[in-house]
Amino acid sequence: MRGDLMRLPAFLENHRARWGSVLGEPAVLPLMIGAGILGYFLFPEDLGLLTRILTMALYILSLDLVLGYAGIATLGHAALFGAGAYAAGIMAVHIVQDPLLLLLIGTLAGGLVALITGALILHAHGLTLLMLTIAVAQLLQSLANKWRELTGGSDGLSGIDPSPVLGLFRFDLYGRTSYLFALVVLIVAYAIARRIVRSPFGLACRGVKEDPLRIAALGGNPRRYLVVMYTVGGAFAGLAGALTTVTTGIVGLDSLGFTLSAEAVVMLVLGGTGRLYGAIIGTVAFMTIHHILAATDPFHWMLFIGLFLIGIVLFAPGGITAVSEKLAQRLARRGT
Amino acid sequence: METILGIAVDGVAYGTILFIISVGLSVMLGLMRVVNLAHGAFAMMAGYLASYGMQSLGLPYGLALLAAILLTVIVTLPLERLLYRRIYGGNNELQQVLLTIGLTFVIIAIANYSFGPTVKRIPLPDLLSGSVSLGSKTIPLHRAFVIGLGAATILGLWLLLERTNFGVRLRAAVDNPAMAEALGIRTERLYTAVFALSTGLAALGGVLGAELLPLDPYYAIRYIVLFLAVVAVGGAGSILGSVVAALALGILDTAGRYLVPNFGEFFFSAALILILFRWPNGFFHRRAA
């Protein structure tokens, strides 16, 4: 792949210049750490929900790598999340309880499933690719449903009891350890993801997304970039799945479900694709609104999110971050 | 023998419903290049309307069916003007997915608000609830009725496409939209007509298929994957492809449920992956210009 890259510098430089302003987001990490710590002290009663938001944010981040940076439209991303969740869950029940090791296992499982299925399905485009991603997720879900001895079938896996993190921090009843653990994992993963998307490889993926023919003409192999990025995204999704398993102690069939795949796309687009912090913002916005509205009636929630989605497509195709960036630009211009 | 006949009758009836609902989706995808995830919601809407017409207004089956189809088309046509027109063309898949999923959610919420979350029935008239004997075996009349109507739909569509002026324009526009437009075909009107046809067929399938695909608010999400599978396997824009794909998937799914009841879904997804791996553009891919 290095050989290919040597022939791409002009194209990549062009990209770097174009995306420089978007990628230069120095304040995001400190902001995330600050908001995370603030959340810990402001909402001590809701740490369960906040932990769930953190793990989902990691999952949406992984989808952003696949969809936002490589342009792979998928409605089966839950396959990779669920692979990580189940791998960690099964290992936790039978063999190891160390949380970090479980995360590693989940990451590997997600990456492996993504590598195998990605190599199989990424030659397809458009609707066929959408269908294949859905079919892969359904296949894994029915497998998890039938393989009762291992996965618990429709009851799911429970009784997962991870040992203390690094042998020091026990998972407590109030979910404090879970929350801080998830926060640290998310922040580390975010930093790694940022390095990946800024690397020549990440930029080449953006190139494939925008103009695969041109990348091929320049000597790159578009499909290989897609498969590698899909695998990287799968590893992150698997990590998110394993993190969910460790922090909640249960794994269910819904972790492989179509709803989780579709909701992921909604959350990502809500925040804005192709920006890592867009994934975080979209998740926080979606999960918060969901929490508030679903408390009354699930159908109110569907009406609201439906109208919201239609509105996004009609009035703000770039998602929340694009709107706020535009606003910020306008304000800055007025200020000078 | 008993099982084979059962699979054949149920599978073909099921496949016919899949065909009637999916063919409109396929033509829309072939022509307007839009992945309409709300297609299932339109079928559901018609089912609810027919159920309401029969249960609450006491309309006879045939009248309720016609009224439901007409109403669904009338209600959805403004949506084409206001929403769908903005997402035609294949370059914005993500926007299409979002807009049509959003629309689906709205329709689900409205269906639940108006009719409640329970399963709604469309009672069959006495004429259709019996069974017909076929040599030594009897088959439910409703299945026979569905298969017959499906055959009539195929014939009607074939006549419409091959024998009418509309069909000529439509085929021209599917094969080469730019050239068709240059030759004076008003593609916008054509799009509206195809949208209406597509929705009408979805509505017909939704009412006819209520026995096989039960009506509840989540219908719209539950079955859309199935309809999309038919389109993907058949090849976008191909009517023959939709027929073959719908029958193949219908029989396959039914056979899976009959023969390996515990692994039915697994069987289905695996077959889908294999088929799409071998024919990534569907059985009958219409070359799009």
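Just so you know, glycine gets a Cβ as well, placed from its N, Cα and C.
Under the heading transmembrane segment, TrEMBL lists B:12-30, B:37-55, B:61-84, B:96-115, B:141-161, B:190-208, B:220-252, B:259-279.
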With pairs closer than 6 in sequence left out, are the transmembrane segment (B:220-252) and the transmembrane segment (B:141-161) joined by 3 or more CB pairs under 8 Å?
yes
Under 8 Å for C-beta pairs, could you tell me which stretch among B:61-84, B:96-115, B:220-252 has the largest tally with the transmembrane segment (B:12-30)?
B:220-252
Quick test of the contact rule: Cβ under 8 Å, at least six residues beyond the ends. What residues does that give for the transmembrane segment (B:61-84)?
32, 34, 36, 42, 45-47, 49-50, 53-54, 99, 103, 122-125, 128, 191-192, 195-196, 199-200, 202-204, 206-208
Is it the case that the transmembrane segment (B:96-115) and the transmembrane segment (B:259-279) have 3 or more CB pairs under 8 Å, with pairs at least 6 apart in sequence?
no
Which residues of the same chain, at least 6 past either end of the transmembrane segment (B:37-55), have a Cβ under 8 Å from a Cβ in it?
21, 24-25, 28, 61, 63-65, 67-69, 71-72, 75-76, 96-97, 100-101, 103-104, 107-108, 111, 114-115, 120-123, 198-199, 202-207, 209-210, 215, 217, 219-224, 227-228
Sequence-remote partners of the transmembrane segment (B:259-279) [C-beta within less than 8 Å, at least six residues beyond its ends]:
3, 7, 229, 232-233, 235, 249, 252-253, 285
List, by number or range, the same-chain residues at least 6 past the transmembrane segment (B:190-208) whose CB is under 8 A from its CB atoms?
17-18, 20-21, 23-25, 27-28, 31-32, 36, 39-40, 42-47, 50, 64-65, 68-69, 72-73, 76-77, 80-81, 84-85, 88, 122, 146, 149, 153, 166, 169-170, 173, 215
